[in-house]
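Chemist: Sharing the features that Swiss-Prot gives for it:
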- 3-23: transmembrane segment (TRANSMEM)
- 41-61: transmembrane segment (TRANSMEM)
- 62-82: transmembrane segment (TRANSMEM)
- 104-124: transmembrane segment (TRANSMEM)
- 132-152: transmembrane segment (TRANSMEM)
- 168-188: transmembrane segment (TRANSMEM)
Amino acid sequence: MNPVATLFLAFAMSTDAFAAAIGKGATLNRPHWREAVRTGLIFGVIEALTPLVGWFLGKAAAQYVSAWDHWIAFSLLLVLGARMVFNSFNTKEVEETKPSAHSFWLLALTGFATSIDAMAVGAGLAFVDVNIYSTAAAIGLATMAMVTIGVMLGRVIGHVAGRRAELAGGIVLIGIGSTILAEHLNIFG
């Protein structure tokens, strides 16, 4: 995978966490930059680790599915991207109580919940020629940056940008999956 695709993947994977961070920022009276960075670090580390776990699980199965690996990567990215696009149009609001402070465990649980798709992407990347360590680092750094910004913007922009970010992330994932398939099938020459 080329560096531009890696960059797009990294930011696409961070959009769920960005949307969650906007919600977390909206629950704070006045988000302080230290809380934003702390939240970004927690989410970023988790988001960097989950594609590694998925990649190792995918590599374990690679010898059995190498003939159709590109279809697996495409399908996983298509399903995840479509789910993100669908969720961006879901207008059902969830009523939740506002915490007085964000505990480490609350942030870690939220970070893990938003990184499940990164684990699936990691599994899909096991079937593609990619440096998983640099890809995971890019995902973690992008997530850290997006979450830090999301917490700070949470009070101001609320849930509207969260939905748009998820829509954009879903479209990017579908595009990356389509590119992987097109490259393997040599569609572009």
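Positions of Cβ are set from backbone N, Cα and C atoms, glycine also.
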Chemist: Any residues 6+ beyond the ends of the transmembrane segment (104-124) with a Cβ under 8 Å from its own?
Modeler: 9, 13, 16-17, 19-20, 24, 38-39, 42-43, 45-47, 49-55, 57-58, 72-73, 76-77, 80, 83-84, 132, 136, 139, 143, 173, 177
Chemist: Tell me if the transmembrane segment (168-188) touches the transmembrane segment (132-152). I count contact as 3 or more CB pairs below 8 A, with pairs 6 or more residues apart.
Modeler: no
